[in-house]
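Step one of this worksheet: look at the structure below.
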Amino acid sequence: MAEGYDAALSVAEWLRALHLEQYTALFEQHGLVWATECQGLSDAGLLDMGMHLPGHRRRILAGLHRAHAPPVPLPRPAPRPVPMKRHIFRSPPVPVTPPEPPPTAGEDEGLPAAPPIPPRRSCLPPACFTPTSTAAPDPVLPPLPAKRHLVEPSVPPVPPRTGPPYPQASLLAKEELLLPSVSPRSQPEPAETPSTLLPAFPQGPLQPPSPPPCPPVIPPKPPRLLPEFDDSDYDDVPEEGPGAPASVMTKEEPLPSRVPRAVRVASLLSEGEELSGDDSEDDDDHAYEGIPNGGWPTSGLNPPLRSLIPDLPLHPMDELPGGPTPITPVIKAGWLDKNPPQGSYIYQKRWVRLDADYLRYFDSNKDAYSKRFVPVACICRVAPIGDQKFEVITNNRTFAFRAESDVERNEWMQALQQAVVEHRARFRLSSASVLGVRGSEQPDRAGSLELRGFKNKLYVAVTGDKVQLYKNLEEFHLGIGITFIDMNVGNVKEVDRRSFDLTTPYRIFSFSADSELEKEQWLEAMQGAIAEALSTSEVAERIWAAAPNRFCADCGAAQPDWASINLCVVICKRCAGEHRGLGAGVSKVRSLKMDRKVWTEALIQLFLHLGNGPGNHFWAANVPPSEALEPSSSPGARRYHLEAKYREGKYRRYHPLFGNQEELDKALCAAVTTTDLAETQALLGCGAGVSCFSGDPAAPTPLALAEQAGQTLQMEFLRNNQSTEVPRLDSVKPLEKHYSVTLPTVSHSGFLYKTASAGKPLQDRRAREEFSRRWCVLSDGVLSYYENERAVTPNGEIRASEIVCLAVSPLDTHGFEHTFEVYTEGERLYLFGLENAELAHEWVKCIAKAFVPPLAEDLLARDFERLGRLPCKAGLSLQQAQEGWFALTGSELRAVFPEGPWEEPLQLRKLQELSIQGDSENQVLVLVERRRTLYIQGERRLDFMAWLGVIQKAAASLGDTLSEQQLGDSDIPVIVYRCVDYITQCGLTSEGIYRKCGQTSKTQRLLDSLRQDARSVHLKEGEQHVDDVSSALKRFLRDLPDGLFTRAQRLAWLEASEIEDEEEKISRYRELLVHLPPVNRATVKALISHLYCVQCFSDTNQMNTHNLAIVFGPTLFQTDGQDYKAGKVVEDLINHYVVVFSVDEEELRKQREEVTAIVKMRVAGTASGTQHAGDFICTVYLEEKKVETEQHVKIPASMTAEELTLEILDRRNVSIREKDYWTCFEVNEKEEAERPLHFAEKVLPIVHGLGIDSHLVVKKYQSMEAMLLYLASRVGDTKHGMMKFREDRSLLGLGLPSGGFHDRYFILNSSCLRLYKEVRSQRPWSGAPETSHRPEKEWPVKSLKVYLGVKKKLRPPTCWGFTVVHETEKHEKQQWYLCCDTQMELREWFATFLSVQHDGLVWPSEPSRVSRAVPEVRMGSVSLIPLRGSENEMRRSVAAFTADPLSLLRHV
């Protein structure tokens, strides 16, 4: 029998059934492919094969023993007790004397004839015969089918969209079988076929049982872990007929464990107790084994294993085409008694509900989630089993129920039978429908999870908009589960590293995954289910009105609910994932159900007129059958097909004008003025320029022509294809070419210290305790890590083909001195560490060799800080992205492209531009150096953000020396270039330029920003004064550690100035200039060239060569200015600029012309009054927004909130009294909030950022006095406490509110605002409570804007609230609402915010409020040192400036 049943069983399927699939490769290595080949294995043989765990060996040998053991005679089961009414008690059984023992199972062959078959009521024990009984025995019900366990296909089945999966075997084997109609009093008659004969049973005792003296003791029910949702019905015992409890058996009766069981079919598959790991399996689990159901042939219900894995979909969809149906109405519901799975005599009351799809039962009629559900498609037969009882029989399980009366029992049976018949009719109708039905849908995520309240893991499947819970994988395949959760009422939330909560209005499901990676994958899948549940099918149904749009344009799957809006094709979910991989330049993927805002009426009409019909007529005109996709195609096949179809245009129908660009453009311009959308699609797909010139200046582009012709659909199609790439046959992704080359075989092994993988960049230092010691093996392109060197099964592995980046961390970045990071395509980051530098370096080199292709092996010749591949555009192929290999070493970025020559390294500190373009999802890093531009795309966010950070850091200034600064094309530091260029543009005619000093605070802020990232600083007139910029330049040159002329050559320069012979002196200068470092030499030339231009306008700026030398001599040579040697060198260099620096006449003439033109333009601008072009006129209100209170104010770039307030009060003649705190407020009417501007805050940026619902108001700030008193009396600069908190963000972008206000604990210190879910530490305040535990959220405090007030629409719990707005570097705004309990608490929080954000200066000191005049924009133009006088006076003034610039302000 074993041979007939399991002959075709492969080793992989057999081991999977035993839950030992990890040994599949081991068996195949030893030539064991089929299960029958394993018959001769022994314990020693398994050990020699490498199987070291004794429990696994015993499980395999037990399976072999069961499969190949000789058949045993059919045992006779012991007599079983008959259930009585609850008020009737059983008498103790009559003891059997030793001379007359009951027959045993081994005596069957010696009996002359089989004893009469006792009457049996389905799953109940056989009734005893009595000698005085005259009534006819109860009719025997048709025998039931043998239960088959653990039929597990090699590919996981796909549950349907609208509910849990249905067992396919029940649909296929019995689709044509009709259910018998059951009359109210009729009993099913036994079938007369031999297969229905029951095995012989031993005859029971002849005496009738006498009533017992006392009722049996019923074992107490174990307490529930969760009162509202226990797992008493989900024990490892399947739900079958009842068995006799141990408490009602006497010593003479055989114990349940000794009752012989029916013979099982020999099988290599493991038994239920081996899978569950529980040896205490109930006897009723086998009550019907070997007995077919309803007299149907056993052979029809017990096919070989492979026949249970058919080619048809395992879980057919049971609704009609047209999308998911609404909630199924309940057919019948009511209370029924249900036989428990433990076989107890005590029936349990259950609320049972039947709809068109499921039979479910609950603890009560108020429960939202069932204890069990049985798909109607799984029900084979419904049969009565006695008074008021009936059975629901599936292909694998039998469920027994008892009603209050026979009438109710018959009503339930009739409803169930009718539901089954109608379900099968619907299935036949949907299968035959011309529209087709949605193909079997793979679960978005399926696997085992721990659920709080359950002792064993549950099998969880996320399919469509439901989360389904099953007891194990077997039940998932059978379709009979615990419950399912509709995600339209669900929300998922991360709890800790491995746990998350699924919250519904009825219950919180707390799940735990095996790893942090699995948890994030489950979160993503469940969030997708929520999005799908909250979607609408209105757009989909409209687009499906066109027949071709009802099937996926690529694989043919029915009812596709995604689309590519630029290609104008409707696609299924699985193809949509691969379309996204093509990039937005090829396919812009949108959902028909979730992206509702995208689907304008014009776009819907475009899909109805174009869509899949004409689309495939063009794109798929030449698809060979061997390359066509099917709904079941693998992701790899889809990816290959879609690359060829849309990126390369391999299967497209070529236009007759293909290859003639000019004619294609003309034809496109003609086509867009007509309604022929297919022609427009064909022209664009064959290379016509979407923005080509039409020849008509009034309508220069095809889009303008379509608009002129009133062709709305043509306009929509052209807009969607503005950035679409033209298909090219040579556009195969370079990665495919990379990996077609055999990579070198690298092998390495050893111990590494490893942390858990992360899905986010590592922001914090990982302590040594967070690392685990692992034995790592790199072999055959796989990096595997084991628990130790003796372990056989790896804890995990990283394939070299999936590695996208390898980074070496700086020393002591983490707990180990040497660490490196590995990034994979799955957005995971692995951190490894070692103490030994040589071992760490060897590991890095081996891993790099394993994943870098031969074309980029030159990158391994030098040590690198980061190595990997990134999609980019460079050179002449800017239309097509390619995969480039990059290596970062210091400030050099070396790149290798698959189809390009080796290029010089990119000097990051010499970049002309480093910027980030695009939105948060499609970021592009732009690097511009000399004549090269490189666009690096952020296809994978994790490694892209890491690359972005290190490139920005490498491109920034590394130190204070000149060579460590950001450099320009000619090796001039960007700081010097920015300052010199600004002064050339704005300060050549400024009187006393370089002699006057700017404001110290502004100068320092400007210099700090220039030192941090000079490339991103753009100096603008009106925002920075020329004296501030000139002072910043002088301070930068003076603070150089080595000086501009270097410490080694400084003395030689000073000595050269004393040479009397001019020619010899100039020659010496030129000689010294050659010996300067390249950056110093270029900087000296640029600076002297600038000073030469400044002295050309000495008549206006009063800065001749001598005056400039007095200023720059001590600055460049870092002297005290008491002698003139340093000044003499500068003066000589300016006077002999042309000779010393070898400037030809043409260059000198061009330089003079440029400078002269700049000065003329400034003079013309000053005469016409347009020098303040940056000023802005804004409406400001006094006290309230009324027409009579508005003032139109001209706001220059330098105006502060204090200056604006004073000007408004001056205009209205409002006097400021003592303790009047007039302030300018930014009022947002939409948010019902306002923000008092800080007195030093610049107004112009705020005015530019005001929306239509915002305005500025000058009014008294009533709370300022109380806030100042609080700040004066408080201790420390921190605040903490509880507040009501609400986050204002959309749920998955659907615009749904995120809930109400919740209590949260906040800590505000000098650097950040932190949010905690609860207060964990009860210790007294120590000034640093934030160290007690990690916060739930954290924001930098200086980047927050705090508005007083919360809009009433949110129903704040108190009226003392404020709104916090945070704007990220990408200009993304996030908003939160906080409420305090009292007004005083609100004032304290707001005062602390202002104090922290402005370094304690909340309100200006009193003297600064006395002056009512608006400061002059050019106040800094006042001369602070004499412009004329003797040389000694000038020298003394410069020396005083170098000593203390602020001392010069004493007499001003």
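Just so it is clear, glycine is given a Cβ too, placed from its N, Cα and C backbone atoms.
According to Swiss-Prot, the feature domain 'SAM' maps to 6-70, an assignment based on sequence analysis. Confidence over the domain 'SAM' (6-70), given as mean pLDDT on the 0 to 100 scale, stands at 80.
Taken from Swiss-Prot, the feature region 'Required for interaction with SH3KBP1' covers 81-90.
What Swiss-Prot records for 87-258 (among others) is region 'Disordered'.
Annotated compositional bias 'Pro residues' per Swiss-Prot: 92-104 (among others), in sequence order.
For 154-167 (among others), the entry in Swiss-Prot reads compositional bias 'Pro residues'.
According to Swiss-Prot, the feature compositional bias 'Pro residues' maps to 205-225 (among others).
Here Swiss-Prot flags S232 (among others) as phosphoserine.
Summarising the annotation, Swiss-Prot assigns phosphotyrosine to Y234 (among others) and lists similarity to another entry as the type of evidence.
The region 'Disordered' annotation in Swiss-Prot covers 271-304 (among others).
Annotation source Swiss-Prot lists domain 'PH 1' at 329-421, citing sequence analysis.
As annotated by Swiss-Prot, phosphoserine applies to S430 (among others), with the evidence given as similarity to another entry.
As annotated by Swiss-Prot, domain 'PH 2' applies to 442-531.
Annotation note: Y506 (phosphotyrosine) sits in a coil segment as assigned by DSSP. If you look up Swiss-Prot, you'll see Y506 (among others) marked as phosphotyrosine, on the strength of similarity to another entry.
As annotated by Swiss-Prot, domain 'Arf-GAP' applies to 537-662, with the evidence given as sequence analysis.
Residues 321-323, 435-439, 442, 537, 540, 543-544, 587-593, 598, 603, 606-607, 610-612, 615-616, 619-620, 629-631, 633, 635, 638, 641-642, 645-646, 681, 717, 720-721, 724 of the same chain sit 6 or more residues outside the zinc finger (552-575) yet have a Cβ under 8 Å from a Cβ within it. Taken from Swiss-Prot, the feature zinc finger covers 552-575.
Per Swiss-Prot, phosphoserine is recorded for S740 (among others).
With respect to Cβ neighbours within 10 Å, the recorded positions Y506, R995 differ, and Y506 shows the lowest count.
According to DSSP, R995 (site 'Arginine finger') is assigned to coil rather than to any helix or strand. Shown for the domain 'PH 2' (442-531): DSSP residue counts in helix, strand and coil, namely 25 helix, 37 strand, 28 coil. Most Cβ pairs under 8 A with the domain 'SAM' (6-70) among the ranges 329-421, 745-852, 956-1141, 1174-1263 are made by 745-852. Residue counts of the domain 'PH 1' (329-421) by helix, strand and coil are 19 helix, 43 strand, 31 coil (DSSP-based). If you measure from the Cα atom of Y506 (phosphotyrosine) to that of R995 (site 'Arginine finger'), you get 76 Å. Residue counts of the domain 'Ras-associating' (1174-1263) by helix, strand and coil are 20 helix, 33 strand, 37 coil (DSSP-based).
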